[in-house]
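Taken straight from TrEMBL:
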type	residues	note
ACT_SITE	K33	active site, proton acceptor
ACT_SITE	Y253	active site, proton acceptor
BINDING	R129, M301	substrate binding site
DOMAIN	232-355	domain 'Alanine racemase C-terminal'
MOD_RES	K33	N6-(pyridoxal phosphate)lysine
Amino acid sequence: MRPARALIDLQALRHNYQLAREVTGAKALAVIKADAYGHGAVRCAQALEAEADGFAVACIEEALELRAAGIRAPILLLEGFFEADELPLIVEHDFWCVVHSLWQLDAIEQATLAKPIQVWLKLDTGMHRVGLHPSEYQSAYQRLQASGKVAKIVLMSHFARADELDSLRSVEQVAVFLAARDDLSAEVSLRNSPAILGWPSVPSDWVRPGLMLYGATPFEQDHPLAARLQPVMTVESKVICVRELPAGEPVGYGAKFITPKPMRIGVVAMGYADGYPRHAPTGTPVLVAGQRSQLLGRVSMDMLCIDLTDVPDAGLGSTVELWGKNILASELAEKAETIPYQIFCNLKRVPRLYSGS
Ligand SMILES: *Cc1c(COP(=O)(O)O)cnc(C)c1O
């Protein structure tokens, strides 16, 4: 059997969820869209359900998968419905529904609903992706109230730059939100992971932790709260071939690495088809036989090469951690010029093994 695998530590997931609650004192929707950022949405939801206030996913297809697996907790659809014909299913399964555009508001007004739904009314406070314009917000709220089709409304918005702790943009977005909310007394939800960890004064009755649940920091710099996160996913494989090369020999496709001296090289069963970033350069850290070493040359589809020259304990069959508890996904992401979100979401082909459930 191919030795590549992803170990998923559900105890760490619960720890990180509790941290989101503890630092905010708020209710927390565990964001498990995109198959829980590659960690497996059903298993993660099952591990959290006893304590979670609810879950959030990107679309009804993801929400239905959770209900089919027996998850009874509230589930928020972060983009609401994409077509009005999803509304009967939203009612049937008690999904909570973001309304981010006027066409969705029109559709709710026109629909015949068997019972009222819970709406999270999204305001565009400056990210300019989705969300109602501040000038539309009060009237949208009144229309939902008047429609008789809505049981409860939560007011929400989303930050564009909360990971940049020296940017004032999040403060400006909060000011836009507070002005548009004016005297509406509904509950509020503003904070994603970087805002939970980095912006303590931002109001939020409900927080929406995603990345932090999986134990990765959203920040480029060190942060005391991010240091308390526990990585959930560890991706490892094994050395399947060892070779001794003299100086001056190329390694891998395109001869992008040439041995500067005699070297011992290990080939690892892991490649970009597993989600390891193809753009990770020579020098990207790996852990082999418990010791830090480095990637050499180009990443192939199913294999990659690492340096064993200074790791005498390592050899055929040695375990290699590509990212996880020792090689942080954020560190790998930085080397590969991407973000830990994408490292997690790209995981594929590798079987996931769960512990701590
Ligand atoms: C994905 C998402 C989140 C979670 O963001 P993280 O940065 O992963 O914490 C929160 N809110 C909305 C609306 C999202 O789409």
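The backbone N, Cα and C atoms fix where each Cβ goes, glycine too.
As the structure is a computational prediction, the values presented were derived from the model and not from experiment.
Structural mapping of features recorded in TrEMBL.
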residue	record	DSSP (3 states)
K33	active site, proton acceptor	helix
R129	substrate binding site	coil
Y253	active site, proton acceptor	helix
M301	substrate binding site	coil
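Counted with DSSP, the domain 'Alanine racemase C-terminal' (232-355) comes out as 19 helix, 46 strand, 59 coil. Around K33 (active site, proton acceptor), a 10 Å sphere centred on its CB holds 20 further CB atoms from the protein chains shown. Rounded to a whole value, the Cα-Cα separation of R129 (substrate binding site) and K33 (active site, proton acceptor) is 18 Å. Taking CA atoms as the reference points, M301 (substrate binding site) and Y253 (active site, proton acceptor) are 11 Å apart. Sequence-distant contacts of Y253 (active site, proton acceptor), defined as residues of its own chain at least six apart whose C-beta falls under 8 angstroms from its C-beta, comprise G297, R298, S300. The Cβ of R129 (substrate binding site) has 10 other Cβ atoms within 10 Å, all protein chains considered. Averaged across the domain 'Alanine racemase C-terminal' (232-355), pLDDT for the predicted model comes to 98. Using a 10 Å Cβ-Cβ cutoff, M301 (substrate binding site) registers 12 neighbours.
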